[in-house]
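Student: Right, I'll just put the structure down here and ask away after.
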Amino acid sequence: MARRELSSIALIVLGLLDEGPLHPYEILRIMRKHRDDLRVPTSVGSIYHAVERLEREGYVAPLGTDREGARPERTTYEITDDGRAEHRRRTRDLLRTVTSEYPSFDVGLGQADSLGADEVQALLGERLETLRDGHVAADAGLRSAVARGVPRRFLLDAFFELHQLGAQIAWIERTVAEIASGELDWTAPHVAPDAIPDPDGPTGTASNPTDDADASSPAKDLV
């Protein structure tokens, strides 16, 4: 039977339990504090579902149950040796392997030609506002962590998030400016889908649009 890979949220849960026993509500609180809720769908239900699956797989085990006041009983979990090994294996796999993540923004960009130039500029402008707010918040959180002496190796995901936000902001700003100036021609005639070259290219040709581009080709300036 093929291995059923851990979901991103299950991997994060294992990582937190690797640092010490926790109950699901503590896991949720820490994930939100670490901004993990911006990376994976995070709720009480999703945390409990992940923990239940990890327990079935033998990756975590209940450590004990307690109650505070009138609150419902809460079970604290700890990671097992198998869970620790699986956490390391899956982490290695994610770091080395390039996968298709199917981001929805890419899909929107691919369909943007169906809208008018002014509307696309306005919509991208709205996205920019949200991204800039996110960049400010991410930058502030990262600076706070660094100021508290958190070693950089524990903040690699936060540094990457900040870099991604900055890169997306810069690309959208440039694209909006090019639409506004006319450098990005929004009046070009429609191209039938069949007329667009296969991105993989026929046998013996370059699959990268910049591979055979000469010095005058606009593909040189795509990145």
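A Cβ is built for glycine as well, from the same backbone N, Cα and C atoms used for every other residue.
Per TrEMBL, the feature domain 'Transcription regulator PadR N-terminal' maps to 13-88. The region 'Disordered' feature in TrEMBL is assigned to 189-223.
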Student: In this predicted model, what is the average pLDDT of the domain 'Transcription regulator PadR N-terminal' (13-88)?
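Tutor: Here the predicted model's pLDDT, averaged over the domain 'Transcription regulator PadR N-terminal' (13-88), is 91.
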Student: DSSP-wise, what's the residue breakdown of the domain 'Transcription regulator PadR N-terminal' (13-88) into helix, strand and coil?
Tutor: 41 helix, 14 strand, 21 coil
